[in-house]
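**Student:** If you scroll down you'll find the structure; I have some questions about it.
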Amino acid sequence: MAEATERLYRVEYAKSGRASCKKCSESIPKDSLRMAIMVQSPMFDGKVPHWYHFSCFWKVGHSIRQPDTEVDGFSELRWDDQQKVKKTAEAGGVAGKGQHGGGGKAEKTLGDFAAEYAKSNRSTCKGCMEKIEKGQMRLSKKMLDPEKPQLGMIDRWYHPTCFVKNRDELGFRPEYSASQLKGFSLLSAEDKEALKKQLPAVKSEGKRKCDEVDGIDEVAKKKSKKGKDKESSKLEKALKAQNELVWNIKDELKKACSTNDLKELLIFNQQQVPSGESAILDRVADGMAFGALLPCKECSGQLVFKSDAYYCTGDVTAWTKCMVKTQNPSRKEWVTPKEFREISYLKKLKIKKQDRLFPPESSAPAPPAPPVSITSAPTAVNSSAPADKPLSNMKILTLGKLSQNKDEAKAMIEKLGGKLTGSANKASLCISTKKEVEKMSKKMEEVKAANVRVVCEDFLQDVSASAKSLQELLSAHSLSSWGAEVKVEPGEVVVPKGKSAAPSKKSKGAVKEEGVNKSEKRMKLTLKGGAAVDPDSGLEHSAHVLEKGGKVFSATLGLVDIVKGTNSYYKLQLLESDKESRYWIFRSWGRVGTVIGSNKLEQMPSKEDAVEHFMKLYEEKTGNAWHSKNFTKYPKKFYPLEIDYGQDEEAVKKLAVKPGTKSKLPKPVQELVGMIFDVESMKKALVEYEIDLQKMPLGKLSRRQIQAAYSILSEVQQAVSQGSSESQILDLSNRFYTLIPHDFGMKKPPLLNNTDSVQAKVEMLDNLLDIEVAYSLLRGGSDDSSKDPIDVNYEKLKTDIKVVDRDSEEAEVIRKYVKNTHATTHNAYDLEVIDIFKIEREGESQRYKPFRQLHNRRLLWHGSRTTNFAGILSQGLRIAPPEAPVTGYMFGKGIYFADMVSKSANYCHTSQGDPIGLILLGEVALGNMYELKHASHISKLPKGKHSVKGLGKTAPDPSASITLDGVEVPLGTGIPSGVNDTCLLYNEYIVYDIAQVNLKYLLKLKFNFKTSLW
């Protein structure tokens, strides 16, 4: 359904007497006015209300400026209660004595702002992150503690100057003054005067005087204002009358009709029956007062009144809710069935047909509430940190011998806002040396186990001086292959106000996300039979997943709703004891990539009962029978993910171990194979793409699922280019994220609504396909324990790999090609050739044979991530699958090459912490080239053309090219090509037939990043 703006607060009449107040712990009587703050549930992917008695709500310091826009359910209250909420909010929640001036009215004390002298030196200013000394004046804003919302609103302290700087963000309005602060009267006379000057009430006199100067008729203005006030008063009276009419109908219906009667009335008038007595009563009263609602024109769903409009509760597709919202829905006359006319109230009820009125939209609507949560958030980018304190709320561990001593390092870290820690488990970041990482001491093993990123010492210097983002600096100085995320300790949750409320693109919700360390631990699944037993069941060592009739009773389900902001999972397993006839149903649920969620283990009386219960739960969650061959997606129901928990996981572990002494392969080849099949690198690549390793661990990627995701991206590309509706874009985005689980923490999954996002996801799927190939190779094939794991993996590549002698002529030619064709604009690194391998893929030479006679054959570069090379060597360079959208590639789906080494090297995706990359040299049969200067989505080459050449402004000097065995090697230095009206800096070569490529060499390169990247 269309979702109303998410609001931080809620108000209603208690539906029962079961809820207890979060402040006084007393029960809240049924039908009494109660208020709540909405917080993220720790048990499931959604928000829950924390209820208070009306009076208790204000006592804990909740502050509301505009109840009509900030409080959900406000307009559904009785008129008198609406006024009660408004008046209490206007009084700042807590009415204070105030200060009297010149016989004027007493000022209202603001309940959520306070001033006092610090009672100790333990508090920290939330503006500058410096300590507030004991006895120093401090100001506070009450906010919800993200870790302990049950405590209600607590003080977040600031130095007075820091408070003044953040006045707008903290919601201290222009009309407020220092004298309205709680505790102001207890300050010294001197501090009162100083504070009054710092926090004056800003009056809007200037504009009036300016208007007079401009000759604006003040009399006319006053008349206009009077007219507006009269109009406003008239609307208010009408709203009051409307409210009283609706509540009169509700009161009379409660006396005269049973809940079943009300349901019958809704059914007779072709309205959906909601759950809950109060919701049923609301719908009937709305229909009687304004007419029966006609179905939504977009999806034929039911429209429902919610505060500021009628929202559709239907679904556009099985994946996406309808977005229709209107204040003028189509209606028909409400009809009372004959049998109900015996009820005296319904018999005499006559209501004049009218439209529902809505209060005018506020000129300064409340901003959407920030995510309020039970726990804190580790974030990849410390966006909330002050510019001069980039390491705010971060704990840093130092390891090994640094150029600075420990005290100097500590001083520098604290100056940047961080804190020193001695524990790997508590650390956000580790500062060490490359030597220490290679040594892999016991302490470094702890750092790796905790998945804490390691950076070099230069990071501290650059983070204080560079304008680059923290994330870029972390990547540039990284020394470890692990550590996908940098944790930041929780800061405050600020409810932004005014223009400054626009959320930062890099901001993340204040919820503790499940770090990769946690994910890694949960990935240690115990495999028995056909699937992995979830360790959260506590039965991984004593039970296995039941397999019956060739079907494994284990399911992982996903559900994404971008509008609502949910990114949910549901896991279901039927477990059978290893030793006796005992059975359990285990299920777990929550939000992907976070600790939010829970689980349940139920012991079943028998195998039959367990199977029946499993199938019932599966059908309840998906709408499909367990044994159904063709799955149908239903609205609001989960979708099954093809997670392949194969029995060959142990084989992967065996083959992924470090090589022994059995291998007969040359040492450089051994190292190359180890690099290509490095499982940690594969995991890191997935994490970079925000793939959720817990829901979709390595090796669980189904090729069919990836291809289905490509198809969705093709539809997205089409929808974007055709300017399709928001509903269609939403639908496709929901489907994509359900199919490929992403870890967004508490952020809403982003809409796939532009070509850039499509391109990024296409690149992600390209890499996933290659990782899937690599992992499939690791799992399959020989299990010969007499062979070294490296040799076993080498055989799976089906490629003859020979080390080229460093002193040979061909090695000299290749090194010259590397040196001469490094582009001047690619100056962040230099390339050093470590090893050169001559490669011959099985069957490729035979496949290439027909093209050996084609003219214009060149030796060209092709770079790719290390994780893609198992797929490249075992299957060759491939063209994107037909399901992939064309827009992901500049010149359509083909195999891309370059004549400038650094152009291809950029696709190796190396970093300062991971500087080794692999690059290919392939003989490419280009023939007649179709020359282009701008992007063109080629699906078929023009007649007589064999390839595409994207013309660049710079190209290797053609006079320096050499020819080896009829193949041109363009190893000249880069010179202007004479082509200026092109969008490319350097040449690109694309072939659309895989047989036109014969891979010749593989180079292992070291990227020597320059110390200053800016």
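A Cβ is built for glycine as well, from the same backbone N, Cα and C atoms used for every other residue.
As the structure is a computational prediction, the values presented were derived from the model and not from experiment.
According to Swiss-Prot, the active site, for poly [ADP-ribose] polymerase activity annotation covers GLU988. For CYS21, CYS24, HIS53, CYS56, the entry in Swiss-Prot reads Zn(2+) 1 binding site, with the evidence type sequence analysis. Residues or ranges marked as Zn(2+) 3 binding site in Swiss-Prot: CYS296, CYS299, CYS312, CYS322. According to Swiss-Prot, the NAD(+) binding site annotation covers HIS862, GLY863, SER864, GLY871, ARG878, SER904, on the basis of similarity to another entry. The compositional bias 'Basic and acidic residues' annotation in Swiss-Prot covers 510-519. Swiss-Prot lists 225-360 with the feature domain 'PADR1 zinc-binding'. Residues or ranges marked as domain 'PARP catalytic' by Swiss-Prot on the basis of sequence analysis: 788-1014. Annotated phosphoserine per Swiss-Prot: SER41, SER179 (among others), in sequence order, evidence recorded as similarity to another entry. Annotation source Swiss-Prot lists N6-acetyllysine at LYS97, LYS105, LYS621 (among others), citing similarity to another entry. Taken from Swiss-Prot, the feature polyADP-ribosyl glutamic acid covers GLU436, GLU438, GLU485, GLU513, GLU520 (among others). Among the features that Swiss-Prot reports, ADP-ribosylserine is placed at SER500 (among others), with the record citing similarity to another entry. The phosphothreonine annotation in Swiss-Prot covers THR594.
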**Student:** Return the residues near CYS299 (Zn(2+) 3 binding site) by Cβ distance under 8 Å, restricted to its own chain and a separation of at least 6 in sequence.
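**Tutor:** The list for CYS299 (Zn(2+) 3 binding site) reads CYS312, GLY314, ASP315, VAL316, CYS322, VAL324, given in order along the sequence.
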**Student:** Between CYS56 (Zn(2+) 1 binding site) and HIS862 (NAD(+) binding site), how far is it from one CA atom to the other, in Å?
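**Tutor:** Given the Cα positions, CYS56 (Zn(2+) 1 binding site) is 67 Å from HIS862 (NAD(+) binding site).
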**Student:** Can you give me the Cα-Cα distance between GLU436 (polyADP-ribosyl glutamic acid) and GLY871 (NAD(+) binding site) in Å, rounded to a whole number?
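**Tutor:** It is 33 Å, counting Cα to Cα.
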**Student:** Any same-chain residues 6+ apart from SER904 (NAD(+) binding site) with CB under 8 Å of its CB? Would you list them in sequence order, or say none?
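**Tutor:** TRP861, HIS862, GLY863, PHE897, ALA898, ILE919 - these are the non-local Cβ neighbours of SER904 (NAD(+) binding site), listed in sequence order.
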**Student:** Just name the winner among GLU436, GLU438, GLU988 (the recorded positions) by count of other CB atoms within 10 A of its CB.
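**Tutor:** It comes out as GLU988.
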**Student:** If you draw a 10 Å sphere on the Cβ of SER179 (phosphoserine), how many other Cβ atoms land inside?
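**Tutor:** Result for SER179 (phosphoserine): 19 neighbouring Cβ atoms inside 10 Å.
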**Student:** Tell me whether THR594 (phosphothreonine) sits in a helix, a strand or coil according to DSSP.
**Tutor:** strand
**Student:** Would you please pick out, from the recorded positions HIS53, LYS621, HIS862, ARG878, the one with the fewest other Cβ atoms within 10 Å of its Cβ?
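**Tutor:** Least crowded of the recorded positions HIS53, LYS621, HIS862, ARG878, by Cβ count within 10 Å, is ARG878.
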**Student:** Return the count of C-beta atoms lying within 10 angstroms of the C-beta of CYS21 (Zn(2+) 1 binding site), excluding that atom itself.
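**Tutor:** The answer is 19 other Cβ atoms.
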**Student:** What is the pLDDT of the domain 'PARP catalytic' (788-1014) when averaged and given as a whole number?
**Tutor:** 92
**Student:** Mind checking which of SER41, SER864 has the fewest other CB atoms within 10 A of its CB? They're the recorded positions.
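**Tutor:** Among the recorded positions SER41, SER864, the lowest count of other Cβ atoms within 10 Å belongs to SER41.
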**Student:** Neighbourhood of the Zn(2+) 1 site (CYS21, CYS24, HIS53, CYS56): other residues with Cβ within 8 Å of the Cβ centroid, in order?
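**Tutor:** Once CYS21, CYS24, HIS53, CYS56 are set aside, the remaining close residues are LYS22, LYS23, SER25, GLU26, ILE28, TYR52, SER55, PHE57, LYS59.
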**Student:** What is the maximum Cα to Cα distance, in Å and rounded to a whole number, among the residues HIS862, GLY863, SER864, GLY871, ARG878, SER904 annotated as binding NAD(+)?
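**Tutor:** Roughly 18 Å, rounded to the nearest whole number.
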**Student:** Given the recorded positions CYS24, CYS296, GLU988, which one's Cα is the least distant from that of GLY871 (NAD(+) binding site)?
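**Tutor:** Considering only the listed recorded positions, the nearest one is GLU988.
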**Student:** If I take the Cα of CYS24 (Zn(2+) 1 binding site) as reference, which of the recorded positions GLU438, THR594, SER864, ARG878 has the closest Cα?
**Tutor:** THR594
**Student:** Where does SER864 (NAD(+) binding site) sit in DSSP terms: helix, strand, or coil?
**Tutor:** strand
**Student:** Check CYS299 (Zn(2+) 3 binding site) against DSSP and tell me helix, strand or coil, would you?
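**Tutor:** It is coil.
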**Student:** Spatially, which candidate from the recorded positions CYS21, HIS53, CYS296, ARG878, GLU988 is nearest to SER179 (phosphoserine), comparing Cα atoms?
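**Tutor:** Nearest by Cα distance to SER179 (phosphoserine): HIS53.
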